[in-house]
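Trainee: Here you go, one structure.
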Amino acid sequence: MVPPGNGNGAAAAAGNDVILELSTPGDDWSHELQGDDVEANGGGNGDAPPRRTFSFGQAYKTRHRQPQVFTVWQTLMLGYQSLGIVYGDLGTSPLYVFPSVVLPDADATDFLGILSLIIWTLTLMSLVKYALIVLKADDHGEGGTFALYSLLRQHVNFKGNIPVPLTRLESDVHLKFHSKRRSRPSRLQLFLENSPKAQLAITIIVLIGTCMLIGDGALTPAISVLSAVQGIQSRSSHIKQKHVVVLSAVILVLLFLVQRFGTSRVSFTFSPIMLLWFASIAGIGVYNIVMHYPPVLKAVSPHYIYYYFAKNKRVGWEQLGAVILCITGAEAMFADMGHFNKSSIQVAFSTAVFPSLILAYSGQAAYLIKNPGDLSTAFYSSVPAPLFWPMFVVSTLAAIVASQSLISASYSIIRQSIALGCFPRTTVKHTSDKYEGQVYCPEINYVLMVVCVLITVGFQGGPEIGRAFGVAVIWVMLLTTTLMTVVMVVIWEVNGALAGGFFVFYLAIEGTYMTSLMTKVPQGGWVPFAITVAFLSVTLSWTYGRKKKREYEARHAVGDGEFAGIVSRSARVPGMCLFCTDLMDGVPPIVRHYAANTGSLRELLLFVTFRTLPVRTVLAGERFLVAREGARAGVYRCIAQYGYMDEQDMVGDDFVRAAVAALVEVAAAAAEADSGEEEAEMIGRAPASGVSYVIGRTVLRMRRARNWPKRFVINELYRFLQKNFRSNVSTLKLDHAKTLQVGMIYEI
């Protein structure tokens, strides 16, 4: 199987040099694929090779960005824009960190110790780990958990029986956006390639991490909006907590309901809002430091952490669950890197976000040293009275921006999960013609809305919601540390001792926080686990069902002899038929059912397999791998390759145009000259006689002899997901008038 246009492919092997040109597709099939097929070059004297011109269609203007060198001004502008997209969650954490601390009879030693913990947690976790280290592990500019995973799979051949399937092909390493493997693999790389259990463990870690991030999409809006709205209680004794909860729930419902309109119309306000927010909290922080306790910045010395734990012991350790909230949203620096670039995110964090947060927390600590009784309302109590209402408005707007960032991130995660085949197909709508990353998933939106409102109403704004949020945050941090350690050894070729030191150092920090938070599981910390288990159950049920389906089709593929009989018994009619299948080799069983029910086959048969690679995007010239299926004329195999950021569909005629162009090239170059030209002409005219799509509508049924857990997953969970999520016809945007679904029952 060769990619079209590959100089090392069948064209060279056949001794017939073929020069590919990309041209603008016309409306006439015959002109596009036949009339311009061969141009005489050099007056037909035979001195120059024939020149073939093919159109690959408009559908594959892939959404990748060419490598670009950014000027200082461009980097600064991107950094400014990142304030509203990347730093909403991290920036609004001063609303709830100190108020989440429960420390009776706190004094200056306690507040200096907590401030020192916050400063060093922000420095070591956000600045050093994420801004300086994790941001380097991008997949050609794309960040996030899936980017780390795809980067690993580009360097490690996952051959085990893992939930997310990928059969590596030799052509993969030649892709533009596929990282090159080093010639001498490390021992860790060899271990991973030969250990299916290790591969499964890494895959499960990635899936858990993504499910935790989806849970953040429900927890962040709840805690951010509640914390912002609660400030109104400090100015009116008539407003009770139940009123705050109702108002917060209304704001959250409205926030989720407007998602269908997209964020493009209001996203231009996000960065100004967050810039105003950071300037405000920094200014108020400086005011509180000067007015209440100027020496508060001495907390930068870590010995105050020792004094804090020496005094409070277990009670002090229990408050780590509140301190960890200061880095909520730090993972967004990596997850949203694809929208900006590494330098802009680093500049924004180091020049605006980090200093503002340090000043804000220091100001609150200075205020609390003089007013320890205001701990539960630390943020709003520390705001000077004349600025209260302006800050209330800015805080509420900033909380909405923070919520929007995590909600949008949840949609992106779901989209990538669907592309990798580890989540059921849901509706994914693009809400912006300009920004490809702005998508909307209606089903996920309403699930998150219900969960978010239930959390808000259930916890009533108590400390439990902070504990739940903290558990989700620290788990994501731990999973990222684990994956980064593997990346350091396998991809960066870092010395094992240095990579091990990184792992042990951050495991010690995050593990300490984890031990504190796990004691809070019965008191609200169970919520992120419940959300994760729910989404993970969907993910694993779907991938297990798809795996069993592929195994069944591979075992029951149509053999060469049987296929020859099917062709001989079937009438061949003009036109082209595309069979969509998960099989990358062999004739799928759907052909058997189709021929038995129709008694005919088109003159051009194309078995199409959609293949998602562990790369962010696949270039247009790398899209198709095509080859003849067996020795029969008019039967071909096409593998359509996509990255996890590409959109897979067959809308309009563009997919067929591109596929036919690739088939014409292979037919003309690989076969003998006479028959090759005849076959190429047949392929070129087939679409004009009609194009049809055949797709399976399969039902898996597991026999009673199998163990009941697997039977429950297949017969109940997987079947439920099949019935209630989108079908392949809707996902691929097939023309219903040209599509035939073949129903089949697979007994496994």
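Glycine is treated like the rest: Cβ placed from N, Cα and C.
As listed in Swiss-Prot for this protein:
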type	residues	note
TOPO_DOM	1-68	topological domain 'Cytoplasmic'
REGION	30-51	region 'Disordered'
TRANSMEM	69-91	transmembrane segment
TOPO_DOM	92-113	topological domain 'Extracellular'
TRANSMEM	114-134	transmembrane segment
TOPO_DOM	135-199	topological domain 'Cytoplasmic'
TRANSMEM	200-220	transmembrane segment
TOPO_DOM	221-243	topological domain 'Extracellular'
TRANSMEM	244-264	transmembrane segment
TRANSMEM	266-286	transmembrane segment
TOPO_DOM	287-319	topological domain 'Extracellular'
TRANSMEM	320-340	transmembrane segment
TOPO_DOM	341-348	topological domain 'Cytoplasmic'
TRANSMEM	349-369	transmembrane segment
TOPO_DOM	370-381	topological domain 'Extracellular'
TRANSMEM	382-402	transmembrane segment
TOPO_DOM	403-438	topological domain 'Cytoplasmic'
TRANSMEM	439-459	transmembrane segment
TOPO_DOM	460-470	topological domain 'Extracellular'
TRANSMEM	471-491	transmembrane segment
TOPO_DOM	492-497	topological domain 'Cytoplasmic'
TRANSMEM	498-518	transmembrane segment
TOPO_DOM	519-523	topological domain 'Extracellular'
TRANSMEM	524-544	transmembrane segment
TOPO_DOM	545-748	topological domain 'Cytoplasmic'
Trainee: Looking at the stretches 69-91, 439-459, 498-518, 524-544, which one shares the most CB pairs under 8 Å with the transmembrane segment (244-264)?
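Mentor: Against the transmembrane segment (244-264), the leading stretch is 439-459.
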Trainee: Per the definition of 3+ C-beta pairs under 8 A with sequence separation of 6 or more, do the transmembrane segment (471-491) and the transmembrane segment (69-91) touch?
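Mentor: Touching, no - the transmembrane segment (471-491) and the transmembrane segment (69-91) miss the threshold of 3 or more Cβ pairs under 8 Å.
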Trainee: Can you name the far-off residues of the same chain, 6+ from the ends of the transmembrane segment (382-402), with a Cβ under 8 Å from a Cβ of it?
Mentor: 84, 88-89, 91-92, 95, 220-221, 224-225, 227-229, 231-232, 234-235, 251, 255, 270, 273-274, 276-277, 280, 284, 287-288, 329, 363-364, 367-368, 374
Trainee: Before we move on, state whether the transmembrane segment (320-340) and the transmembrane segment (439-459) share at least 3 Cβ pairs under 8 Å, counting only pairs 6 or more apart in sequence.
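Mentor: Result for the transmembrane segment (320-340) with the transmembrane segment (439-459) is no.
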Trainee: Can you find at least 3 Cβ pairs under 8 Å between the transmembrane segment (349-369) and the transmembrane segment (200-220), where each pair is 6 or more residues apart in sequence?
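Mentor: No, since the transmembrane segment (349-369) and the transmembrane segment (200-220) share fewer than 3 Cβ pairs closer than 8 Å, they do not count as touching.
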Trainee: Tell me the residue counts in helix, strand and coil for the topological domain 'Extracellular' (92-113), as DSSP assigns them.
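Mentor: Counts, helix then strand then coil: 12 helix, 0 strand, 10 coil.
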Trainee: Okay, the transmembrane segment (200-220) and the transmembrane segment (439-459): do they have at least three CB pairs under 8 Å, pairs separated by 6 or more?
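Mentor: The answer is yes, given that the two segments have at least 3 Cβ pairs within the 8 Å cut-off.
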Trainee: Residues of the same chain, at least six outside the topological domain 'Extracellular' (287-319), with any C-beta under 8 angstroms of its C-beta?
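Mentor: Apart from its flanks, the topological domain 'Extracellular' (287-319) reaches 101-103, 108-110, 112-117, 119-120, 359, 362-367, 369-371, 382, 384, 515-516, 519.
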Trainee: Ranking 200-220, 266-286, 524-544 by the number of C-beta pairs under 8 Å to the transmembrane segment (69-91), which range is first?
Mentor: 266-286
Trainee: How does the topological domain 'Extracellular' (221-243) divide up by DSSP, counting helix, then strand, then coil residues?
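Mentor: Output for the topological domain 'Extracellular' (221-243) reads 18 helix, 0 strand, 5 coil.
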Trainee: Looking only at residues six or more beyond either end of the topological domain 'Cytoplasmic' (341-348), which have a C-beta under 8 A from one in the stretch?
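Mentor: Same-chain residues near the topological domain 'Cytoplasmic' (341-348) but 6 or more away: 70, 75-83, 86-87, 131-132, 135-136, 138, 141, 333.
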Trainee: Checking distant contacts: for the topological domain 'Extracellular' (221-243), what same-chain residues at least six beyond its ends satisfy Cβ-Cβ under 8 A?
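Mentor: Residues 89, 92, 95-96, 99, 251-252, 255, 377, 379-381, 388, 391-392, 395-396, 398-400, 402-403, 406-407, 452, 455-456, 459-461, 465-466, 469 contact the topological domain 'Extracellular' (221-243) from elsewhere in the chain.
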